[in-house]
Amino acid sequence: MQLKLVPGNSAGTVTAYYLKSQGSSWDEIDFEFLGNLSGDPYVVHTNVYTKGKGGREQQFYLWFDPTADFHTYSILWNPGHVIFYVDDRPIREFKNLESVGIPYPKNQPMRMYCSLWNADDWATRGGLVKTDWSQAPFTASFRNFTANACVLSNGVSSCSSNASSNNAWFSQELDSSSQKVLKWVQKNYMVYNYCKDAKRFPEGLPVECTVRNRKQIKI
């Protein structure tokens with residue numbers, strides 16, 4: 001999807017672009033763009049939910065002004081990886097680590113959603129900066145949505161047993177060059193990582209944070 005975010009004083013607003021399944025034990029993959037005061041950087045907020053449980057936030061600044069023009073935000077979701085991309089640069093990878101007991105979103109079909117909503121109780125500086133409604137209307141622009149996916153119809157997936165040979169994305173992963181880009185983005189633009197928030201998890205970091213460097217499962 002190509003997005004151009006709310007310009008000017010967008011504090012308190014959240015522009016969202018995400019995948020979500022149905023029900024009370026849902027899966028979800030989030031791109032959320034947290035508004036800012038004029039001149040301050042947007043925060044890209046990412047999260048992965050499995051069976052209704054999230055809490056896997058990673059946040060980033062961007063290396064450009066996302067309100068000046070359209071930029072491309074992509075999600076790769078296959079049996080082995082969830083990868084978030086900005087203009088084809090990977091910014092985050094969530095691996096399938098079911099082998100060590102970590103749930104992974106792979107059993108529920110998800111739909112794509114977009115929204116723009118008021119979240120001034122938490123979005124900007126933890127809720128300290130509220131939405132200035134005198135700046136309304138707040139407008140974000142979306143265009144050129146494309147998707148390659150397994151389509152669920154009448155309970156049956158369009159992907160056959162040889163899906164990996166018919167759809168390159170089904171087995172796609174980061175090569176060495178992309179891994180270097182990922183590390184560059186995370187070194188220079190990551191502003192929050194739940195895997196490093198020991199204060200939030202006094203009894204120990206989530207398991208995926210301690211095993212994230214292990215080799216991912218084979219598809």
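Note that Cβ sites are derived from N, Cα and C of the backbone, with glycine treated the same way.
For reference, TrEMBL has these:
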- 1-142: domain 'GH16' (DOMAIN)
- Glu28: active site, nucleophile (ACT_SITE)
- Glu32: active site, proton donor (ACT_SITE)
(Q) With every protein chain in view, what's the tally of Cβ atoms within 10 Å of the Cβ of the residue listed as 'active site, nucleophile', excluding that atom itself? (A) 19
Q: Within the domain 'GH16' (1-142) only, compute the mean pLDDT.
A: 96
**Q.** Helix, strand and coil totals (DSSP H, G, I; E, B; other) for the domain 'GH16' (1-142)
**A.** 9 helix, 60 strand, 73 coil
(Q) Are there any residues at least 6 positions away along the chain from Glu32 (active site, proton donor) with a Cβ closer than 8 Å to its Cβ? List them or say none. (A) Val14, Thr15, Ala16, Tyr17, Tyr18, Val44, His45, Thr46, Asn47
